[in-house]
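Undergrad: OK, Swiss-Prot features for this one:
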- 1-18: signal peptide (SIGNAL)
- 168: N-linked glycosylation site (CARBOHYD)
- 299-365: disulfide bond (DISULFID)
- 328-396: disulfide bond (DISULFID)
- 337: N-linked glycosylation site (CARBOHYD)
- 344: N-linked glycosylation site (CARBOHYD)
């Protein structure tokens with residue numbers, strides 16, 4: 001699964017343009033990679049005292065193990081079109097009778113990304129009779145300022161299975177982020193699971209707590225929200241006029257690297273392609289001296305292990321802690337032969353007289369095919385899953401720079 005070409009489910013994919021000022025904030029930068037890692041009984045592992053959202057860990061496991069069948073009908077196609085998955089753990093919540101209010105800090109949703117899918121996932125034990133619940137979604141950076149995003153109604157009933165209840169909030173986020181409108185809709189979506197706790201209060205209880213039932217106990221909210229209430233946003237970085245793969249360095253150090261305009265780059269000459277079916281000898285006037293028969297080192301791929309801890313990125317990278325990026329190496333082997341993976345220019349240049357040291361240049365042994373890598377990292381109290389292009393060398397070849 002050429003994942004992301006990688007990441008996430010597609011439901012609604014209108015471009016994410018201007019973001020309301022109330023949602024503008026820090027940018028989602030820094031990427032980190034993920035390798036398969038051990039999980040605890042509840043499906044999460046501690047990282048700087050934080051628990052991984054179970055869904056994010058499960059999603060990563062599905063990606064690296066290519067388990068397409070474990071993804072929903074929405075998540076599978078979106079994963080093919082997205083390159084970033086962000087998870088937002090609920091900062092707090094209130095429950096008054098059949099009225100649910102959830103608060104998230106969505107400041108890091110980038111205006112450079114195209115929204116693909118937004119899912120609200122709630123996993124609570126269920127009991128009681130079937131009843132309707134109104135759910136309101138708010139954006140908040142602190143408890144003082146709260147921005148209403150939208151609401152929907154859904155029917156809650158008891159269930160025996162262990163699935164979480166999943167709501168598609170793509171329209172809610174899109175409607176507000178793009179148009180600045182709140183979305184209030186009944187029967188918004190048919191949920192995937194049926195496992196919300198029946199928190200309906202008695203009439204006496206409702207009257208007693210008419211004011212504010214915000215859960216203030218931090219330990220309770222943290223434990224509850226980390227595994228129970230999570231907003232997952234699937235997105236793709238908006239392509240530029242002349243698209244280039246997103247740079248890991250530019251995302252890590254945006255102030256250090258300028259976003260140069262590549263539109264005026266001169267296109268390289270289209271190189272001639274040799275007819276490999278017919279071995280045609282080229283007449284260069286003078287036959288170059290035959291080299292001494294010896295085993296010349298080819299342009300080859302060798303190991304290059306990257307340890308994120310050693311380069312100072314270990315504090316926020318979740319998976320992998322290290323990986324083999326590989327590199328290309330070769331001695332200066334001239335003239336090249338037809339079996340070498342080289343450009344026509346490199347081949348012609350290597351036929352120059354070996355005695356002409358001033359005109360003799362060694363072709364560069366460089367990566368000619370790269371592979372992407374999925375990465376999981378912890379940034380600004382959020383777990384982010386991102387797909388980065390050109391992270392691992394697949395093939396090496398001779399090339400003139």
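Note: Cβ is positioned from N, Cα and C throughout, glycine not excepted.
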Undergrad: Rounded to a whole angstrom, what is the C-alpha distance between residue 328 (disulfide bond) and residue 299 (disulfide bond)?
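TA: Residue 328 (disulfide bond) to residue 299 (disulfide bond), Cα-Cα distance: 7 Å.
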Undergrad: Across all chains shown, how many C-beta atoms besides its own are within 10 angstroms of the C-beta of residue 396 (disulfide bond)?
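TA: The Cβ of residue 396 (disulfide bond) has 22 Cβ neighbours within 10 Å.
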Undergrad: Could you tell me which of these glycosylation sites, 168, 344, has the fewest other Cβ atoms within 10 Å of its Cβ?
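TA: Relative to the other glycosylation sites in 168, 344, 344 has the fewest Cβ atoms within 10 Å.
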Undergrad: Have a look at the recorded positions 168, 344, 396 and say which one has the shortest Cα distance to residue 365 (disulfide bond).
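TA: Nearest candidate: 396.
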Undergrad: Near residue 168 (N-linked glycosylation site), meaning Cα within 10 Å, which of 299, 344, 396 (recorded positions)?
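TA: Matched recorded positions: none.
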Undergrad: Where residue 396 (disulfide bond) and residue 344 (N-linked glycosylation site) are concerned, what is their Cα separation in Å, rounded?
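TA: The separation of the Cα atoms works out to 16 Å.
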Undergrad: For the C-alpha pair, I'd like the distance in angstrom between residue 344 (N-linked glycosylation site) and residue 299 (disulfide bond), rounded off.
TA: 16
Undergrad: Around residue 365 (disulfide bond), how many other C-beta atoms are within 10 angstroms of its C-beta?
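TA: Looking across every protein chain shown, the total is 25.
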Undergrad: Out of 299, 328, which has the highest number of nearby Cβ atoms, where nearby means within 10 Å of its Cβ, if these are the disulfide-bonded residues?
TA: 299
